[in-house]
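What Swiss-Prot records for Ala73, Pro74, Met75, Gly76, Ser77, Gly78, Lys79, Thr80 is ATP binding site. Here Swiss-Prot flags 60-225 as domain 'Helicase ATP-binding', drawing on sequence analysis. Residues or ranges marked as region 'Disordered' in Swiss-Prot: 260-287.
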Amino acid sequence: MCSETGTGVPERNGCADSFSPSVMIARKLYGCDLCERLLTNPRMAGMSLDRQHGHPITFPLPIRTKPVLVARAPMGSGKTTALIDWLTAFLDSEDKSAVIVSCRRSFTNSLSRRFQRDGLTGFTTYLDSDQYVLTEAAHRRLLVQLESLQRISDSLLDRYDVLVVDEVMSIVAQFFSPTMRRLRLVDSMFTSLLRRCRHVIAMDATVNATLVELLAELRGAENVHVVVSDFVSRGFANRECVVMSSLGAALPASMVRYAPPAGDESREASASQPPPHDSSNEPCAPEITDADIESTEGSFFHELHVRLLQGENVCVFSSTLAFSRIVAFFCAEVLSPDAVLLLNSTSPPVDTSDWSRYKVVVYTTVVTVGLSFDDSHFHTMFAFVKPSIHGPDMMAVYQAMGRVRSLIRDRLFMYMDVSSANEGPTFTPMLLNAEIGSATAWPPEILIPANTMCLRFKDRCSSALLDHHRALFSRFKTKHYLERSTLTSANDSFSLLHTLLANNKIAVRMRGDRPDAPASAILVEDFGRFLSRLRTDAFSNRRFLRRITYAIEEAASAMRERVALRNPTAEETVMMLAENQAARSCMERFFGLRGAVDDYGEPIIALMKDMGDVPLVAARLVNAAVIEAGCACSAGEWYVVDLAAEHASHGSSEFDKWMNYYLDEPLVSLKRGRPEEVQIPIQPGIRGRTALLRACVNVARQIGWRPTTWNDDAELEAADVERAMATAIEAGLGKFALEYMRLNFTEPSWLTGPIRNLQRFLGARKRHAAHGIGPSEQRKESPEICIFRTLWAELFGVRILKSQRTFPGTTRVKNLRKEHLKALLDRIEVRYPESSTHKQLYGLLRENQYRFSNSPKLLLRTPDWMRQLSGNRPQAEQAP
């Protein structure tokens, strides 16, 4: 065991110094450079550092432990065992107390069972109490979830002897969760515990220097002891992750018995990521050919199929709900439904102790920190990871993948679907994978622009959410923004996940195009090509995934009919809505209707169904209602509202009152024909939301778009959109989008030649004609249009298409009257004799039609329910 103190500064080996911001940022984020950073920080003088190697992590005896003990060690290193040993020794008398803070209810229950099993008695959980306020009498040894800290009485909060924070980085991430209520109070109480408890123990596999430095500020560096262990159990030490370059979805698609109608699209596709080609011309239910099946050899599904037929037990992780159903369907077809356990947000929980009863376990991020499967039951693991704006971040993916502690074959097959990582010019990769190569391995033409993007991101983060000054939230907001905003980049997401896997001593290799090719280490020069292959493959598999999804939905519908699970009729649904007070209130606020039976037309019913299936739709309803209210104002009225909101304190402006009017009461959705209330989470960044929506109102007013009156056949001049967006970007649109949407837009002024080269190299944007995927239209558009497309899609669910019409308007030019033909010629400044006939004017217009193509136009496809909005605003308070 090596023990050293922070007073000495070791010689640098050049490794950390050689890292540029873009190369080092992932390692810094997850504490891979923790020892070097602490030992070279003068402010950490007096801190003690204990490096352990070759054995499970151990803690010093309680009598020799400094007030703050920080333990950084990989998954499977024995952190929980060391904690129990420490607590057993410390809690040697009944008068000593402890509070253990967790990030999830499942983690609390799991830790409670582990304590009981190992003889650590006397602990209660916040779930055991009938009283809301937890008092000293029964809860001096308490396991509590972070959000429930507010239930602890003040007298009890100040008297705990030891605070334990297992999975401390997950606790930190919880401060940014949309489920976090009373953020400032919880932040204050947690910080108070960190300051006042006699002992603090913080543990995690990814403890970073930011956390240790924060604890040193709160308690003094001389009171901090850091234990860093590189030990991992055999289950991780010998594990190898093979990144597949093909999914092979044609294999499960060949097993389905239902065919989707032509043009049916996966619900998972984001509105901001339209299909790469028009699927409406595809034949209904395209046949799966022998060539399609042959092409799956060596793919994700091929490897899974082989192992199932060989009788192996397999666990499968999926980062999306939709794919978890697809892979569970496939495994059930190969084996039997009874052999497969599916765990996702729509299925009941099953204790990990029961997993060994199944040949296949498929799970999503519902299985995360605090839940582990330790038995040597599974031979192989498969993982499907899809980075997307609304999906789990790579830390959540890594945590979920690590729940299975032992694999008999020590092999993990991973496929990354990068079809939703919609990069340049809207988004730019900025992380260079340190596990592939150091700064010197990356060419300067990639390294320099990547560093530039990192520095701009840091500047944008530093100015975001300035009204949140609490210690924990403000200190870790950049980490949170980085983990969320990088989900738009295949390169950045893979680089973060690669760093996390390497942190746990898992070797990562990639498989090439040839099925018989061995997995090889990833090289810098091959990385861009590999990302490009992944994108090509992801798009080519879309039609197969749509086919399987449709089949699963049809089979589920047939099953419900067989077991007589009858949903209400349309008339019964409307009657239930008309009798529901929350539904009537919702109808009045958003649509200006009483909520009577006749008010529930098809667009509103469809909206409520969508809110039941896709929670994001509820936020879009609020956003669109606020935009409609802003667009309904006169020019003078909006000028006053906008100016006042810009200079008012947070929450006090008229515009803030509009937001509160729509957010204060629950919305109502329909789940299987029955009304359910939907609470809109008030997450950190609400100030960013109001600022972003104000900017959108200004853009909408400038281009003439209004939700209730917009004609989908109307064309919008791209030049008008570009001017409006340029003004919004200059006013801070990028910062507002980062605060609320967690998106890091690349501003048009940043798009220099080197930045575009970076996008081409790491953007995974190449397409393959063999799969019917032509060049992306988005690449031909200006960056302002690309940002506009993403904003309107994500905020309002509006699809934006490039108009294919040669001439303005929806009427065929041949059918126009002479005065209309003359108006079109005047518009492009083409002279004509006043005595010209209709035929002559038409011919002259056709000769000059190329002049119209120089002015591209857009079509906005607005959801039908938007036309029902009332644009209501809260009534002004009457003066006494």
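For all residues, glycine too, the Cβ spot is worked out from N, Cα and C.
Worth saying up front: this structure is predicted, and the values here are computed from it rather than measured.
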Around the ATP site formed by Ala73, Pro74, Met75, Gly76, Ser77, Gly78, Lys79, Thr80, list the extra residues of the same chain whose Cβ is within 8 Å of the site's Cβ centroid. Pro56, Ile57, Ala205, Ser229, Phe231, Val232, Ser233
So for Met75 (ATP binding site), how many other CB atoms are inside 10 Å of its CB? 25
For Pro74 (ATP binding site), the same-chain residues 6+ apart in sequence with C-beta under 8 angstroms from its C-beta are Ala205, Ser229, Asp230, Phe231, Val232, Phe236, Asn503, Asn504, Lys505
Within 10 Å of each Cβ, count the other Cβ atoms, then let me know which of the binding-site residues Gly76, Gly78 comes out lowest. Gly78
The most crowded of the binding-site residues Ser77, Thr80, judged by neighbouring Cβ atoms within 10 Å of its own Cβ, is Ser77
Where does the mean pLDDT land for the domain 'Helicase ATP-binding' (60-225)? 88
Secondary-structure category, per DSSP, in which Ala73 (ATP binding site) falls: coil
Under 8 Å between C-beta atoms and at least six apart in sequence, can you list the same-chain neighbours of Ala73 (ATP binding site), or say none if there are none? Gln52, Ile57, Lys79, Met203, Ala205, Val227, Val228, Ser229, Asp230, Phe231
